[in-house]
Amino acid sequence: MEPTNSRGTSLRERIIRGNSLKGSLSLKGNSNSRWTSNDGEIFNRSTRDEDDEEALKWAALEKLPTFDHLRKGLLFGSQGVSAEIDIHDIGFQARNKLLERLVKVADEDNEKLLLKFRQRIDRVGMDLPEIEDMLNSLHILPSQKRKLTILDDVSGIIKPCRLTLLLGPPCCGKTTFLLALAGKLNSALKVTEKVTYNGHEMNEFVPQRTAAYISQYDLHIGEMTQRNLGILCQMPGKKLVELSRREKAAKIRPDPDIDIFMKALATEGQEAVFVTDYVLKLLGLDICADTMVGDEMIRGISGGQKKRVTTGEMLVGPSKALFMDEISTGLDSATTYSIVKSLRQSVQILNGTAVISLLPPAPETFNLFDDIILLLDEKVVYQGPREDVLGFFESMGCRCPDRKGVADFLQEVTSKKDQQQYWVRRSETYLFITSKEFAEAYQSFHVGRKLADELAASYDKSKSHPAALSTQKYGIGKKQLLKVCTERELLLMKRNSFIYIFKFIQNMIMAVITMTLFFRTKMPHDAIEDGGKYAGALFFIVILIMFSGMIEIGLVIYKLPIFYKQRNLLFFPSWAYAIPSWILKIPIAFVEVGLWVFLTYYVNGFDPSLVRLFKHFLLLILVTQMTSGMCLFIGAAGRTMGVANTYGTFALLLLFGLGGFVLSRDDVKKWWIWGYWSSPLMYSMNSVLVNEFDGKRWKHIAPTGTDSLGVAFVRSRGFFPNAYWYWIGVGALIGFTIIFNIFYNLALAYLNPFGKPQGMISEDSDDAKTTNTEKEVSTSEGQNKKKGMVLPFEPHSITFDEVTYSVDMPQEMKNQGATEDRLVLLNGVSGAFRPGVLTALMGVSGAGKTTLMDVLAGRKTGGYIEGSIKISGYPKKQETFARLCGYCEQNDIHSPYVTV
């Protein structure tokens, strides 16, 4: 099918028209050149020289081997002079200038860029892959407990090159419908029938790589910036080789800027950067590209910008089918229109497939869609062209008023309280039309009959493009996956450096306390009782090292929701996420343990041998790694702080109780001896004791025995005194470290977040029916009732004058050339809120609405606030103002364990 725009012009006609226009312009230029003066010949000769030079450079590029040809291109400067560059060496400034030439104004230039892209592909006779999504009698309900239908007998076809809008009231099944299309339904749901892509069932390809589901929930790591959202981009570029080969055979010279852009998309190391910059420009996020996303504890971007980041995170991928759930929440109508317009251009020009669920959009946004799907009470009551939707409801007796938005009409005409106002058959008695009646009428409507005929005809699989459906689980190799995840983990560690700096300071403070607590002015080694002091100091050190690793539990659980989202979308496997989080912490462990050991070892009076010092250091390094692996596993298995802390504390108690120091091996009951042998603390304590008490100062014979004093003490504590037990402990700790990290990887791979699919049952129509008379009676009774006691309430006015809010300039923006020390978010804002007057605070996404309300409500704990805020003429005091101010934040933060 040939994609068309809103005026009915086909894509091929627009491309031909563009070529004709270019030819006419060139002819016009030639005709004008006849009348140029001799002075103008100088400039014409200069232009011809530049064209000849450019032709020579293109000829040189075409002679290069295919591999080198794909790595080089001609980049034009500000004065139009081209230069040959290597795609790998494109810097930040050159990349920005190239993108500025291609997409200077996103609303105007994006379509031109896509048309150039499509024109280049069409000239060599290549086809773009496309996806047709088909549902046939889809029925979804929970597999356990009470039967609750979520989607009932839903059938339809999502066609390529057409933008589809999904409408429906809350709790009608829109999210479940999109998840079913994307192949991401919860396994606890029972699904009958099937969803096919180009005639292929879900088990014949990888739906997570073929389709992208964009959730309505914004889950992001607060320390990441928008520019970092493409760090996991997986863009295969194998088609460019074939495209370049065909162009070379046909002697076609591509547009230089488009050539560099497409080569960068296929070049390893540059694809994520170019796609990310393009998507940021498209979504209007380039102005805050280097600002952290933020969360409840980190100051970041606005809610509307965060919603666009959620959309952009999936747009940077290679998916040809997009299923977007409530992407306009928190966005102004102009931004929503711009995003939908860009998506429409991409879908129609590049043969994409997209279904977008929105709250009733503005009329201009609604008119961008080609097809409409209307869901009501688990049923599809209409699916078809946007132009025919009003005709369907008119055939049912409901007409949209002339000055009424069609999207609002579709939302209200199916509602019980609003449907009657659109009833136009005055000669007939009005009866509420249910969703079942709408669905049955749609089957006999001409659009429904046409859809049924298309569903009855099976899709010819031979027509499916080989590249349309992805059969590879991940878009890049294992080495590249590990590299990308390592880079991201290293970036997060840098931005969380305060945690590790705090740990270093904490360890230094504890080291000073340990030095004063176990300070040795005299170091007796004469009796077994003297060894108890050294053993106590060693046990204290091992326990402190183990407790310092408990911070990993919180860090793991904090990032788990984002990990689950990206794991389910096949951004990376669990092992690529788990290995860097373990390996990159090893250098930190060396510094942390080194500070401790080299501060305390000699002050505490341990064996002065340098060899035993480094053996002591090595053992504590392994204890740190073992504890880190154990805490990573506890966090991944617990999945919430409550569960992880409960079981983590229980595990530590078992380690301490069965570690051989609190309770000697001889005192452990035989049914608990397995716990003694499986305790990492036992091997740690045995090794550290052997390392100390096998020294020269403990070699003399004990007064009451035949063994040396060190051996006698170690044996009296129930440990093994042989020197080789140090290396047994080292091997055991290495083994425990590997085992715990393997368990951590398995927990990440196979465990899912706590929770279960919940359904909301709408009120039955019979229970909800009330006659008009009953409503009038209840209304009149409510009006006649006297009001109860009215609490005293004193109205207040709020005035603010020249309020300025600024923060320290982020380091990322300084690196990009910003010279100011502060970033101003509010600049001289003044206004007043009067009692009895309802005020609407409006502005585009990112304008500072939330920031202003945070400043007025006293929620800002950082930054610099200037200006005056007064309550009824008095300066605002936050201590008393907080008692009379109620602030409903944009983010929904609730306890997940309580009911409404």
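Each residue, glycine too, has its Cβ placed from N, Cα and C.
TrEMBL annotations: computationally assigned, not manually curated.
Positions annotated as compositional bias 'Basic and acidic residues' by TrEMBL: 767-778.
If you look up TrEMBL, you'll see 135-402 marked as domain 'ABC transporter'.
Per TrEMBL, region 'Disordered' is recorded for 762-784.
Using a Cβ-Cβ cut-off under 8 Å and counting only residues 6 or more beyond its ends in the same chain, the transmembrane segment (498-518) has close neighbours at 533, 536-537, 540-541, 544, 548, 551, 555, 588, 591-592, 595-596, 599-600, 603-605. Sequence annotations record features per position, and here TrEMBL assigns transmembrane segment to 498-518 (among others).
What TrEMBL lists as transmembrane segment is 538-562 (among others).
TrEMBL lists 582-604 (among others) with the feature transmembrane segment.
Look at TrEMBL and you will find 616-638 (among others) tagged as transmembrane segment. Counting same-chain residues at least six beyond the ends of the transmembrane segment (616-638), those with a Cβ under 8 angstroms from any Cβ of the stretch are 541-542, 545-546, 548-557, 560, 578, 581-582, 585-586, 589-590, 592-594, 596-598, 601, 606, 644-648, 651, 680, 684, 687-688, 691-692, 726, 729-730, 733-734, 736-741, 743-744, 747-748, 751.
Taken from TrEMBL, the feature transmembrane segment covers 644-664 (among others).
Long-range Cβ contacts of the transmembrane segment (671-690) within its own chain (Cβ-Cβ under 8 Å, at least 6 residues beyond either end) map to 535, 538-539, 541-542, 546, 616, 619-620, 623, 626, 630, 654-656, 658-661, 665, 714, 717, 719-723, 725-726, 728-730, 732-733, 736. As annotated by TrEMBL, transmembrane segment applies to 671-690 (among others).
What TrEMBL records for 724-751 (among others) is transmembrane segment. Residues 563, 567, 573-575, 577-579, 582, 615, 618-619, 622-623, 625-626, 628-630, 632-633, 636-637, 639, 680, 683-684, 686-688, 690-691, 694 of the same chain lie 6 or more positions beyond the ends of the transmembrane segment (724-751) yet place their CB under 8 Å from a CB of it.
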